[in-house]
């Protein structure tokens, strides 16, 4: 794109000719209509001042009504005779928005070339720009701000990750985030956009383009342009949403005119008071010194967990509160640990449920990334299964039900829904009452809704739990979590781990070993955990196995929704109280950990 835009005028003329040749119908190569100047003049009442809704260095924007009755926004570009800048932006915009389609990108209806006139016709966004809301101090709720930020991020994600080659937006700012009647945000103005480069490769531009207050420092100072340049701009937009201030405001005191510079100073002052809760977050920012002291210098005796993600230490804060401190292992090449850290902080700062582990806070110190959680004294479900700790049948049902309720919150209450992506027994933690809580949201993804699909080029998760369609093709939906939940139910029923390489080859995969028994109600007692010693209602066991089998269907659309699973498990849990009968009584029962039948179930 850089070659195209900086090339000869002849290329622009050739493109205009091909666009012009299909003036009143949709181009087969383009979804944008070519309008006549007369049509657009009529739509805007002769570009009447009363129809003017925006103006800037690029030109003017008018509200218009086409002959069809459709409301549109008509941008009349200002052309620079020496640099041809307006014409370049026109060509870039038509190309980009004819090829790129996403619900968070503004739709280009068409264009017009007439003499030295260059006009673009967009969908009309009645609520104006985010900049207008910030400048005019229009009240936006916290949730609305989050959803605007999320929508803008999704639009940028499409440009960076779905468009091929990726697109560097280069002009992400609140003025270019337009809002429809529902305050749904859409990115607009792609005149400065550039194609590629891929990954961390760099464009070097001899002419820095963008808006003061938003430009990434490396781009403003050296012309080096990457996808990460857009991320800096997005950070400024988030800061505007949080603070309600403009990126640049010359009406303020000198030291407060640049929003970013002002915020850096504010961040330092907040950090100096790290023992108090940040006013902008439900998670506390701890100093590294505090967490080192809490864990006795990350002492081995305090180590309570370790894996590919890093290490977890038991700690006691200066307040006396017991916590679990996760020290993430960072990958210098993929930045995976850092991504998981950011995802975890965002997710658990926004999601709150009695079956999700609580995030108390976090710490960033040099290359250290630490997360501070509530301490769960009974460890993980995986530990109970691996160490053959006896759990009563009712306790197993209640653990399964609690985990299902946590997943139901992620799928059905969180908006947009959250795909957990790493549901496994190791991530189901138990408090002192054996109440289960889902933990570790570093791999979680937002949406998509319903049966729509994420397609990932890198499958993340744990072997033995991954849904087959996700493991084989990277297709990820809410139903992928249901498969994982089925594996967890199978672990609860059988007392076996999802993968156990110490067993015979044909028994190492729990699902593969158990599948033949799942379809025959007469055989289900052959896979039940021997530690239960028959202490379960047979009908309840059979129904639990039936639910498990449904969750483990090969076809995602055949798996039940998490809400249906919760209803079924609630019924089984109530049934297990009223039907306390033993299926088999060859030996006296052994003592097992149990949730009291009279205990109120927290939900």
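Every residue number used here counts from 1 along the chain in the order it is shown.
From the backbone N, Cα and C atoms, a Cβ is placed for every residue, glycine too.
Automatic prediction, not curation, is the source of TrEMBL annotations.
These come from TrEMBL:
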- 75, 326: ATP binding site (BINDING)
- 588-603: compositional bias 'Polar residues' (COMPBIAS)
- 47-298: domain 'Protein kinase' (DOMAIN)
- 298-572: domain 'Protein kinase' (DOMAIN)
- 580-603: region 'Disordered' (REGION)
| remark: Simplified to three states, DSSP reports residue 326 (ATP binding site) as strand
| task | Please work out the number of neighbouring Cβ atoms within 10 Å of the Cβ of residue 326 (ATP binding site), leaving out its own Cβ. | result | 24
| field | Reduced DSSP assignment, residue 75 (ATP binding site) | value | strand
| query | Using a Cβ-Cβ cut-off under 8 angstroms and a sequence gap of six or more, which residues of the chain neighbour residue 75 (ATP binding site)? | reply | 58, 59, 60, 61, 119, 120, 121, 122
